[in-house]
Number of protein chains: 2
Amino acid sequence: MKSCGVIVEYNPFHNGHLYHLKKAKKHADADCMIAIMSGNFLQRGEPAIIDKWHRTEAALRGGADLVVELPFLYAVQHSDFFSKGAIQTLAELGVDSVCFGSENGDISAFTKAYEHMHKWKEEYEVALRQYLNEGLSYPEASRLGYEAIKFPSGTIDLSQPNNILGYSYVKQLLTYAPEVEPLTVLRKNNHFHDEDITGSVASATSIRKELLAKGEMSSDAQTTIPSTTEEQLQKYKDGHGLWHEWEAYFHLLQYKILTMEESTLRCFHGVEEGIEYRLKRAIKEATSFHEFLMKLKTKRYTWTRLQRTLVHILVGTDKLEASQLLRATPPPYARVLGMNDSGKKYLRMIKKETTIPVITQPQQLESEMLDLEARAAAAYYSVLSPAIRVRALKKEYGAPVIL
Amino acid sequence: MKSCGVIVEYNPFHNGHLYHLKKAKKHADADCMIAIMSGNFLQRGEPAIIDKWHRTEAALRGGADLVVELPFLYAVQHSDFFSKGAIQTLAELGVDSVCFGSENGDISAFTKAYEHMHKWKEEYEVALRQYLNEGLSYPEASRLGYEAIKFPSGTIDLSQPNNILGYSYVKQLLTYAPEVEPLTVLRKNNHFHDEDITGSVASATSIRKELLAKGEMSSDAQTTIPSTTEEQLQKYKDGHGLWHEWEAYFHLLQYKILTMEESTLRCFHGVEEGIEYRLKRAIKEATSFHEFLMKLKTKRYTWTRLQRTLVHILVGTDKLEASQLLRATPPPYARVLGMNDSGKKYLRMIKKETTIPVITQPQQLESEMLDLEARAAAAYYSVLSPAIRVRALKKEYGAPVIL
């Protein structure tokens, strides 16, 4: 049974994802498509529009055979840790290949870039440090660092943000799991952070923006997602009363930051370089999440970095614990969020070969990483009304989605 | 200029308080009535129905000349610390007497009880420890302890909870401030924890219950409060959208407890004897504050003790910091919440004699006790809508109420 891994957020699962799964399956000649998916909080430091269970069901109905959770601590991270968590988990699950979408579509452009980077690592790091010392943000400094080491033609352009994640996957694969084949397929929509819907393949960002602005399913949104996703979005809203976005959490964040001393804020993952003082000052005056971010943003602190830090404050990710957990290799477990028959069959097949526990419910294992996951779930659901919240929290300890 | 101190919560200021102020002023032959008042959270571990500024104005309009804040850390405590904070602050402000309401009306019954207690202290403590070891709550164990040392006739009955606060005042006065005269006046309504309104002098508990149940001013409530209190209650509700009660904070408490590890919960003042595990378990299932308390309550943990602990969790009172601050004598400052001309005149008079700073705005002093006060205010106002919350938070650093 041949398997292929994909690294996803499915926030929400849309036509581009459907296309990618189909193409990847064909390209990898796979019998089982394994999606490792962020849970309730996402890489850019945002709550998912609907919870992981409803996104899992949409993924299974859209072509995934097995959905595994990327633990919260890896999911809300810059590309290095995000990729490390995803690739290592997929490798532990014995995938034959990992396939990601790219604007290039040629895997050798990524592997060659990795070789070039490997050779010029020191020069890159000198340049990176210099730009960081000048007060630039990490993405901007690394972009200039990549420019400094001049990638030869035939390699991807790492100064383009859209290439960074794919590059990180390839780097992690070549470093930690050389037995897994890296694959890429051409992305149908090249602009995956587009703000507006322009056709039937739109960015998840534009679809969320449309849904949250309208507050209900719109015909524009409908054209961009499979009907199975539409069902899950509707079902979530009917059962939980909302689609999630940062603004709904603002009062909790404000309450938390205002009732903490700077010295306590400093203990959260991502709170560095005295930003705790800015946080306390800015939140006193802000009346919305957006206004808060506008007050916080500087050349050095990008919107995404700030959002990630705020997610870790919201959830209460302890800095020391996080750094210990992130150092551990491989991840402590793989947690199945959902599967169909092929997924089940695959799991049975690999059962004896995996070195990390494969679990379907968190109570099957004692792990700090899972305790953190439970806190993330509690934070995510804390904007629901009381009875719905209690029910949603129980789901965290329930069975996975079986199709 | 002769002054008399009263120790109050005014939650809200009612006809019984009006009567007490008038009687006390006469009994003490005072020119200036100084009320030391709890801020936004109260001794029984509850948010005040309206904030300290509106309660201060009601107090000034009802006969107080100077309103001083009992710092949050003393205010939300059992009778010993509560009395210590209040009496020591009043003593530092140079009051000639302190006058409290009682069911007895005879101060010698309190002073004699203190002498008896002083003599039989050891026997009392042996009995107290024994009952605590049997798993009884502190109030119940101390009640039986008092019974064991048999108070002679002509002393107050300490096994009656209503006598405990008055007794604590007298004890603190005789121990820390023998130069201040203890006075008592007969309370007009003897049942100050009555649940229902029965006449024009009703308990604050029954008035709050009536107001919160109706959600608006009712004719029953109107008969029990001066029109000036009615104005403040109405003004607060119009400007802030609500009257405060625990249920409005439940989602914040649930969010906070669920996103904290037991080891972090244990760092809060009042979280002792493994109750952190009960807290985490119970709050997962609870859909309201009331339901949560019902799940938590045991023979050992009284409703009031639990509520106090939950206020300290809500505000984030650090256990170590609290124990250091509570040990300090006298309190680090006296903060004026409001005054009229007599109050102003009195303050000018004592200015050179007080050994602790008398402040009107928190930014006039660096103090951990004031930092904690700011966090308590932030927690208190966190249930308001965003723009109103920002405005209310600013008030914490604004000028006192001047009549």
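Placement of Cβ uses the backbone N, Cα and C atoms for every residue, glycine included.
TrEMBL annotations: computationally assigned, not manually curated.
Pulled from TrEMBL:
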BINDING   A:7-20, A:G101, A:N162, A:R187  ATP binding site
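Following the DSSP three-state reduction, the secondary structure of A:I7 (ATP binding site) is strand. Fewest other C-beta atoms within 10 Å: among the binding-site residues A:Y10, A:F13, A:Y19, that description fits A:Y19. Counted within 10 Å of its Cβ, the other Cβ atoms near A:N162 (ATP binding site) come to 17, all protein chains included. Reduced to three states, the DSSP call for A:G16 (ATP binding site) is helix. A helical conformation is recorded for A:N162 (ATP binding site) in the three-state DSSP classification. With the fewest other Cβ atoms inside 10 Å of its Cβ, the least crowded of the binding-site residues A:I7, A:G16 in this structure is A:G16.
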